[in-house]
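K.L.:
Got a structure here, written out as structure tokens. Questions coming.
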């Protein structure tokens, strides 16, 4: 196309004449060829494009849109303001070129106010118009997936910038054999406990129950292995499955929220562990997230007391119990609301605002949530189990009351520590709990990470059923699920390959360690908080529950294990480059034939091109790094191999092994 300058007004021309001795940036506006080049369009809320990704109510937000140099004649920001439930327009002005002279940047400012806003861009070239929002460019105006502006909503920086390590305590390390549950130590619902040797099968022997099989892992064991987690691997956030007193090995059937289970130690053991996690003597400063099982208790909790274990009368024993209204009975005593129909998990009744249950769980100064956030514990956040189901009167959640509860919970938690993390367990689109900035900071990213990664790399879904997607479908899935969330939520999502509820990634990949390598490279370079389920870093296998909770093989926990070594290197790389944590994300290649996926992570300091090869054979890939404004003649270095490459004609050519990747940084 022929490129012409925009006609200048007389006032601008006079300024130009009077300022001839100074450089004057001139917009390279397009001739009217009526064609917006989509391949040049880009915006997200990374540092290059948004000056205030977490604005206060008094901060205006200046946004930038990238286009090809000289390609468009005008651009506008169109935003919906919830203050007046109306659309508003902001004309954009040309701002600058990129360092390579390939792109223009246009900017516009949305004025400060406390209201939530949603914005998209209208881009014009003569009579041609394109639109751009969280789902990318389109020829027609979108009606969903706009970018978010949520004043005064901040997610913890340590969560965005950290790497998480999830531990199922009974199976990690036995640091104190004196507290081990032995075979026959107690019975629960008529079944005795069973003690197993470390490394043996997780399945119960005849006469026992899988949930009552114990291996001896405890908090002292976690404390003794902090050097492995924080130094060897480099992870700095620990998330523990439930640790409070409960009869089973998984502890999702709480008997006492205020006491650490004796099999794991005691409350002083927890204090010591937290102090050591926070310490920098054994690695980077760490953070601890506890599992809050607040939808239900166990049936052995004294509030319920189904087995008459306590002198006080629980709700199951008496309708005059002080805790009777903590639960919902349909026909007392045997018909009551429970979690997914499991009678061993009676569902808490949160009632109306100000209810006793709301008080004891989060509102009171001595509530469960506040007690552990305050000294002497000072935990750093809560992961909320079965969070969608929390409700009143036996209702099953995902309703107005559920959202009210989590809004109150947020106020209570942030009132103690504004930097505490709140992560809800949800298996689908958690937008209803995150898009208003008043409930969760983030969610478990089954839908936006675990499932698409599994289907693309292993050809199985996270429950090990056959399910395969192409590279293009993978990219589309990722883009669509990112668009569900505000950017600071995207950056805080819990991104895991496996967890305690699904089959192990290594089992889904048929034990092919190269597929674990590929998944790790993606996990550590994608948007969100990488979350390693203990053992995934060395390729631990395991089927459905309880097989996904095997005891940790400490002979593998060394850099001599190639997957552990790669995990260590990738975490080091992620920690080195903020662009991998809070930078922009741009798709570069989706090659379905060769199964190549490439994307850029970049900010105002670094530009990184990640290349993933999901094929079983090596491929030579031409990476269009011109999209990242990498200049010709400049050098990029693969941070995994150390090999360097020169940018030629806007491209970098790199050979990538099958089921492996490259992280090309400059």
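Glycine is treated like the rest: Cβ placed from N, Cα and C.
Pulled the feature table from Swiss-Prot, pasting it below:
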- 1-29: signal peptide (SIGNAL)
- 31, 33, 35, 71, 125: Ca(2+) 1 binding site (BINDING)
- 174, 176, 179, 180, 216, 218: Ca(2+) 2 binding site (BINDING)
- 296, 383, 500, 501, 545, 549: substrate binding site (BINDING)
- 305, 309, 310, 312, 317: Ca(2+) 3 binding site (BINDING)
- 385: active site, nucleophile (ACT_SITE)
- 425: active site, proton donor (ACT_SITE)
- 501: site 'Transition state stabilizer' (SITE)
K.L.:
Out of 35, 125, 176, 218, 425, which of these recorded positions is nearest residue 312 (Ca(2+) 3 binding site) by C-alpha distance?
P.N.:
218
K.L.:
Please report the DSSP secondary structure of residue 179 (Ca(2+) 2 binding site), reduced to three states.
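P.N.:
SS state of residue 179 (Ca(2+) 2 binding site) = helix.
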K.L.:
Counting Cβ atoms within 10 Å of each candidate's own Cβ, which of the binding-site residues 296, 549 comes out highest?
P.N.:
296
K.L.:
Measuring Cα to Cα, tell me the gap between residue 33 (Ca(2+) 1 binding site) and residue 310 (Ca(2+) 3 binding site) in whole angstrom.
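P.N.:
Rounded to the nearest whole number, the Cα-Cα distance is 81 Å.
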K.L.:
Cα-Cα, whole number of Å: residue 500 (substrate binding site) versus residue 71 (Ca(2+) 1 binding site)?
P.N.:
51
K.L.:
Going by C-alpha distance, which of the binding-site residues 296, 305, 309, 317, 383 is nearest to residue 179 (Ca(2+) 2 binding site)?
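P.N.:
Nearest by Cα distance to residue 179 (Ca(2+) 2 binding site): 309.
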K.L.:
Have a look at the recorded positions 174, 383, 385, 501, 549 and say which one has the shortest Cα distance to residue 310 (Ca(2+) 3 binding site).
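P.N.:
Out of the listed candidates, the nearest Cα belongs to 385.
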K.L.:
Could you check which of the binding-site residues 176, 180, 216, 317 is the closest Cα neighbour of residue 383 (substrate binding site)?
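P.N.:
In terms of Cα distance, residue 383 (substrate binding site) lies closest to 216.
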K.L.:
For residue 216 (Ca(2+) 2 binding site), list the number of other Cβ atoms lying within 10 Å of its Cβ atom.
P.N.:
23
K.L.:
Rounded to a whole number, what is the top Cα to Cα distance in Å among the residues the record ties to substrate, namely 296, 383, 500, 501, 545, 549?
P.N.:
22
K.L.:
How big is the gap, in Å, between the Cα of residue 71 (Ca(2+) 1 binding site) and that of the residue listed as 'active site, proton donor', rounded to a whole number?
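P.N.:
About 45 Å separate the Cα atoms of these two residues.
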K.L.:
Report the member of 71, 176, 545 (the binding-site residues) whose C-beta atom has the most other C-beta atoms within 10 angstroms.
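P.N.:
It comes out as 71.
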K.L.:
Would you count the other C-beta atoms found within 10 angstroms of the C-beta of residue 385 (active site, nucleophile) for me?
P.N.:
21
